[in-house]
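Pulled from TrEMBL:
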- B:20-39: transmembrane segment (TRANSMEM)
- B:59-79: transmembrane segment (TRANSMEM)
- B:108-131: transmembrane segment (TRANSMEM)
- B:151-171: transmembrane segment (TRANSMEM)
- B:178-195: transmembrane segment (TRANSMEM)
- B:224-246: transmembrane segment (TRANSMEM)
Amino acid sequence: MALITTISHKRVMQLIKLANLTKKYGTKTAVDHLNLVLTPGTVTGFLGPNGSGKSTTMKMIISLVRPTLGDVVVDGKSYSDLPEPTKRVGTLIDPSALDNNLTAKQHLSIIATAANLNPRRVDEMLQITGLENVQNKKVKSYSLGMKQRLGVATALLGNPDTIILDEPFNGMDVDGIKWLRGLFKQLAESGKCVVVSSHLMSEIQAVADRVVIIGQGKLLADMTMDEMNRRSLSSYIYVEADDLDKITSVLLDKQASVQPSKTGLEVRNLDAKEIGRLALDNQIILHELTKVNPSLEDVFTEITDGKADYVAKGVTMHEALD
Amino acid sequence: MKHLIKADFKKMMFLPSYRYMIFATILLSILFGVIFLFTIEITQGKVLSELSGMEMIDITLLGMDVAAIMLIIFAAIFVKKDLASGAVHTNLAMTPIRRKYYLTKLSFIAILSMLISTALILIIFAVNQFIISMNQMEALSLDSAILAKAIGSMLMVLFYSSLSAAGAFYFQSTPGGISFALSVMFLPALVKMFPEDVSELLLSVFPEKSLHTLFDMNAVNGSWAGALTVLLIWIMVACAIGFWRFRKMDY
């Protein structure tokens, strides 16, 4: 996509740095001493339970919320000190941040005028986001997915080096989700830093190179997707064999953790190669030997366990109504 | 900042509600000015044909009060709409320097007020000339007294719309901005209920007297410099308070 230009190699590699970032609202700490570096050329999934401080952190990056402590620098400067902020960081914080009585073209045209951008960018963004055919329709007639597309168009209008999107998959149809995935990959490949928060774990797993998880305002995890797959307790080897009792005993002798599952076993602390060798040595016939990687949802649950502010107590509707 | 002001004008032109409001402001101001003039016999017992050209201008310019009230409403709506949840994220992400954002909005309101009041004064002057010629009266000449009235009227519109914008920033609401500006406009009427020496003192610090001094520069023994100082202090204090609140806000 030629309309998304590659960022200059002269730019420093570190784009956004959050140092000791803290935000308190009265006694409640929304973001707690968060340290993070957002680097170019990657799609970073920004995850956390509801109320974990994701949106507050994003808002602090673009100076919508003032930190209580610590700071955020974009290429060594505060966002508000950047001479042309829209050309450095593009954001989609809220898809409803639109005047319903404007058309998509009018909305983008106002932003382009205010940011002193080439008016041609408006048509280019309408083309990129697939809103060309509805560009003259008022925003009030748009679905949430279309509003999200317009929000993405707004974020990309200044061709920024960093794109921060809060829940961009919300309301998107299948086609829209596929388009967003492709767009994020393209943006990252062109050297841009893409930060995406979403509660749709499968979508983050599909697009992110790196995952940052926060809970109760604290950084819980910051790792690449590969690291996540390796380190998670949720990954295991699924084993099916003709003699489950015998292989269980053999595996336990090797200090493996073994749990019955479906018609086989979930084995941890031993790799597939070792399990295969042990089965051969003990003349056990294996029917299946599969490495099962956890879904991001599994990892997320594992990491944020007990770190959510809002948790349903498991009360049934019948109990609640009694 | 000029690009941001230009974008605000663009927004005003794109949104029908703003366009209609500006159109209504111009129409109602002229209409009320003319109504005040043609009902002078009922309200003040004077015959229209016996009025001097200057008296006619004086009465018709009362339409500028309508313009001031309409622009008070417009300014508060315009400021608050851009500060509304959601919209503010886009606006402040684009203009993260709060001071710049604040000055842009105030400048836009000031420029718009000046443009509208200039247009209105020219229209009111033309309407008066037309009525004068229809009544075969002596044509009005553009002398210093009329210029003073024109400038005084423009300053009044500019002053109250700016107060409304600053009020909307401070209260973060449309009713807050409107109430603030209207309170400053109408409080002098309440102050007059106090004993004369107290009300005299209080009235001297309210902008109404200063605006009248500027409006009637040739007719009243008022110091225009003193009047301008009072207005400037009001504007500066209101703007400073509005900015102080806006600067501290998290969105």
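Using N, Cα and C of the backbone, Cβ positions are placed for all residues, glycine too.
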Residue numbers, six or more beyond the limits of the transmembrane segment (B:20-39), whose CB comes under 8 Å of its CB atoms: 12, 48, 56, 59-64, 66-67, 70-71, 73-74, 77, 112, 116, 119-120, 123-124, 127, 131
Do the transmembrane segment (B:59-79) and the transmembrane segment (B:151-171) come close, with at least three CB pairs under 8 A (pairs 6 or more apart in sequence)? yes
Between the stretches B:151-171, B:178-195, B:224-246, which wins on the count of C-beta pairs under 8 angstroms to the transmembrane segment (B:108-131)? B:151-171
So what's near the transmembrane segment (B:224-246) in sequence-distant terms, Cβ-Cβ under 8 Å and 6+ beyond its ends? 98-99, 102, 106, 155, 159, 162-163, 165-170, 172, 180, 184, 204-205, 207, 209-211, 213-214, 217
